[in-house]
């Protein structure tokens, strides 16, 4: 130590001076003998130095040879590393391409599976219809056979009656004037007329039966073709699935091989870096020794030259030292008392330094990643917000495309149906079916192309700017750079083409299978059938006529029913999820730092704090700015968890006693708000930490303290906490788990002015005190969650607006199509005397009921989407409030209701202007 060394030097100097003074005379007497000895030493030293220089030159030559060999080996190793890295990069690009192909194949397989399921359902329905028609035909055949037997019996009876009449006339012609004979003859004529009428009816029914039988046979053959097509599609799907699984297994094997090779390359790279460092160190040592050798040569020559000069001066110095000895003796006698006093004062200072040194603790060093470093909150926030955008980008486009595909499919189907008569006319004029189909597919292609280009442009420019504006205010990031992403754009364009072109081709191909004469007739309306509600007389009898018609029409147009339900449900799902996420993040800050955590900072004391420093710190705790404090043991323990297995910093707080502890931290469950107490068996942990570790009450977790020692702690409670990880224990449980005595090392501090600026000012004042180790404020967590909440709230607003626009487009399209397809039906009931509002409600009541059902479905899907978002989106140390508010259910319902009412007025206005005569005109 510097103080101890100075004290020892002072004592040594004093003793040496005394000894020099007492022995000075003896030294002067022997000085001449020493000069002679030095002359001999000089000669021997010169000879020895020359030998060492020769040896050093030999060693330098050997070191130069070794350095050249090492440099050549490192050059070869570097070339091998560069080649290996290039191979790994090529394999990585191949793996990325293979992954994209696998994802595309998986998407195609999912689409095929869905199409096969739909086809299977259609086949089952068609088979049931054929079975029902077959049963009807069997019944009709039995009735025809019975009627034929009756006609044959009647014919036989008439033949017998005719024979009797002819026989009677042949025997007695005069009997023709007999009234009884005339009545018998009239009865015969009536029987003949009745027989002819029955025969005519039989022939008509037989023709109807034959026609129905022919239709059934054609339908049966068509169904058989569809079954064959379905079986072929199933076989293709199974083959594609097997190929996909095989390719996926190959991909996983290649990924494993690439990972192993990459690890080996990293190991070789580390070895190369170590070798390069050793080479650099060897070169430096070589240069240093070479310089030292040159310097040694110079020193040897200088020593040899100056040695003799020093010996010559030594004799003169002996004479001078005799006079100096007398002078120093006088100075020693004069300064000796003062030096003794300084030595005594230095001894006291040294003892104080020893005491302070004994209280110091050995420093602990840790190695952290960028996310784990104590000053890395900015990187953590940026990483968390980036993950939020990625997660939302993987969720919402799915729903957007689903709803857009419904609208596009419905619109293109209606477009083909409206052009039915024109299509039949074109086919009759000689155009091929391909020409007519190209008309519809080209329309869908151009519409989807224009829409896709507009969407791609907006997605590359507008949406990135919105996201950038949402995030750059809270994070210092460079200006945004807009780039074009051809892969994503191609997928978007492809999906748009599939949504618009494929339905047009499929519907047009199906329609053009009919004869031109049938195409030039209006499409017959869908057949009605008994619905389930009719089988419940208790309800059905109490419905009015219009309500019964509405119920039948809903199931009469099943495709439109599902389109409306799922379209409204998709819009409500997005609205519900957006509003629910807004509610989950809106009050987190206030809930955390007003209701749960009520202290403003934790002041950690030094372990070696002196009494004077403790007194100064106590005075700060008693200032007017401080409302109250509580002694606790405070330590940051760690646990690796999360998706990246990052180190999670856990704030462990052990109060000296539980009296008044709830004034600083409120321990309670989130559901039910049941208050928790600190038991002697374990600890209470925060809810987000329990979720990351997947533990529950009764489980045991292992944490590390600052020295890296592991400790097992039993979980006795899970408390509500939205930001940060916390672990609370009483001192008995702490002593059991950490096997050490409880000793408070900090205080929870609550300020009267709890603003962030005042908290920082008071924290700076505490840090100036000598006994403070560190201060943990809540401002960092507040800033982090504020940034996340602001950015996520902006994105939610954009999604809510888009969802509302989708709701308008869906309901408008479906309502407009419904009115256009049933214009003749609406004109008919209007001619029959229905009022305008009755006509509107006749058709719009269906939209209202289906929208209500779609809202309920959207609630369920929205709750699932909300649960997924608040589970995946938040960073590891933040939990969003999963509770739902009534407004989350009310607002989507209100938006859909407003849209439905507004469209109702639009439909009513349109139906008032309907030309009933024009709508009812026949096209024959």
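Just so you know, glycine gets a Cβ as well, placed from its N, Cα and C.
From the options 519-539, 540-560, 561-581, the stretch TrEMBL describes as transmembrane segment is 561-581. Sequence-distant contacts of the transmembrane segment (443-467) (same chain, at least 6 residues past either end, Cβ-Cβ under 8 Å): 389, 408, 412, 415, 480, 482-485, 489, 492-493, 496-497, 499-501, 503-504, 791, 794-795, 798. Segment contact holds for the transmembrane segment (792-814) and the transmembrane segment (395-416), given three or more CB pairs below 8 angstroms at sequence separation of 6 or more. With pairs at least 6 apart in sequence, the transmembrane segment (487-508) and the transmembrane segment (561-581) have fewer than 3 Cβ pairs within the 8 Å limit; the two do not touch. Long-range neighbours of the transmembrane segment (882-907) within the same chain, counting only residues 6 or more positions beyond its ends whose Cβ lies under 8 Å from a Cβ of the stretch, are 568, 571-572, 575-576, 579-580, 583-584, 670, 804, 807-808, 811-812, 815, 819, 840, 843-844, 847-848, 851, 854-855, 858-859, 862-863, 866-867, 870. A mean pLDDT of 78 is what the model gives for the coiled coil (199-306). In the domain 'ABC3 transporter permease C-terminal' (797-903), the DSSP tally of helix, strand and coil residues is 89 helix, 1 strand, 17 coil.
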